[in-house]
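Copied from TrEMBL, the annotated features are:
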type	residues	note
BINDING	ARG20, GLU77, ARG117, LYS427	(6S)-5-formyl-5,6,7,8-tetrahydrofolate binding site
DOMAIN	213-350	domain 'TrmE-type G'
BINDING	ASN223, SER242, ILE244, THR247	K(+) binding site
BINDING	223-228, 242-248, 267-270	GTP binding site
BINDING	SER227, THR248	Mg(2+) binding site
Amino acid sequence: MDTIFALATVPGKSGVAVVRVSGAQAFESCRLFGFEPVPPRRTALRRLVHKDHGFLDEALVLTFAEGASFTGEPVVEFHLHGSIAIAQAVLTCLSDVDGFRTAEPGEFTRRALDNGRLDLTQVEALSDLIDAETEMQRKQALSGFSGRLRDAAETWRTDLIHALSLLEATIDFADEEVPVDVSLDVSALLGRVSNDLDREISGFSIAERVRTGFEVAIVGPPNAGKSTLLNALAGREAAITSEIAGTTRDVIEVRMDLDGLPVTFLDTAGLRDTEDVIEAKGIQRAVDRASRADLRVFLAGSGEVSQVQKQDGDLVVQAKSDLTDDGTGVSGKTGQGIPELISNVKRVLQDRATGAGLVSHDRQKDVVIRARSHLAEALTFADKGPEFYDLASEELRAAVFALERLVGRVDVEDVLDKVFSSFCIGK
């Protein structure tokens, strides 16, 4: 297998640039630059001097022995000064070595998976951790990367294998006297796993929203102050405001971090009956997007917004409170009521976020649903009595196989390319 290398830090000018080398010949990269490999898990300051390119840089060099690195292979890291020219010079020298090549996107992590350093749920969580923008996303990703979903899957798998062994023992000794009825033990094991899988399936949509971000739609009639409110929330002019009704045609998005919650506020077209074809399309788009949002903030004004159905938890506030006598409600122009509005949005979404499960990716959800389906069939057959235990056993084997696909223990080549395509070259 080739020894691979890549820039592990963001390309461009920076304080430090890290070049990572992984593979059987990784330690040879030290000799390439004129010094013997640093002892594993030690740091040393070394001058990088190439036979053709001369002195390149003075770098901190770290080495990791096989089995003790991120990839599970021998690894060398060169911590360089963060110059584009220095990093490129080091990469060029490495590319001239036989058996060395530039890593493909995600290839370091792919090798970690192949060498048993990570399972597939941890790989997905690592990608989420890199993409995390808020505290809640960071915590969710770290939970997956630390192996919580993997550990849960292993517990489910162990229970199913135990139930399977009980059923198969009954089948094997069907012609002999078996004093113990296994049906209660089997039902208890399968019931426990079923409940756990049901909880993960029901908690998926919230977990996915934590990972990708909640959407909050600002809804109301034309000139209700939706765009002004969005601009006030964003702290900048994200949307054009005008006294002319129907100014907003497309859905305008502003992404925010609300105390760790990833939230995208949506400014939608004013809802009204219109004969303007373009405005009508914008209104329909607003209705569709607002209906799919996780939360809607209805700005109460002079018009109706019957096109969008109010759902549990949705907020209704008085618009343009700067123009009212009692001063209640919210005003994007003066900022009045905005802290209270944000507080209410956070309260609703934080309450929902408590129901998030460990499963946060479509692939994971699909596998869990498949395992739950096989488990339901197994329960049905097991409840019919010993003469159906062979069919129950087959369904349990299928459920176990699905859980092994969840963590990447069995062949999952059809999904790996998709998983690793989101990684950068240096990861």
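Cβ coordinates are placed from backbone N, Cα and C, and glycine is handled just like the others.
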Restricting to the chain of ARG117 ((6S)-5-formyl-5,6,7,8-tetrahydrofolate binding site) and a gap of 6 or more, list residues whose Cβ falls under 8 Å of its Cβ, or answer none.
SER69, PHE70, THR71, GLY72
Where among the binding-site residues ARG20, LYS226 do you find the Cβ with the fewest other Cβ atoms within 10 Å?
ARG20
What is the number of other Cβ atoms found within 10 Å of the Cβ of GLU77 ((6S)-5-formyl-5,6,7,8-tetrahydrofolate binding site)?
22
In terms of DSSP three-state secondary structure, what is the assignment for GLU77 ((6S)-5-formyl-5,6,7,8-tetrahydrofolate binding site)?
strand
GLU77 ((6S)-5-formyl-5,6,7,8-tetrahydrofolate binding site) to SER227 (Mg(2+) binding site) - Cα separation in whole Å
50
For the domain 'TrmE-type G' (213-350), provide the mean pLDDT of the predicted model.
73
Residue pair SER227 (Mg(2+) binding site), ARG20 ((6S)-5-formyl-5,6,7,8-tetrahydrofolate binding site) - Cα distance, angstrom, rounded
47
What does DSSP say about SER227 (Mg(2+) binding site): helix, strand or coil?
helix
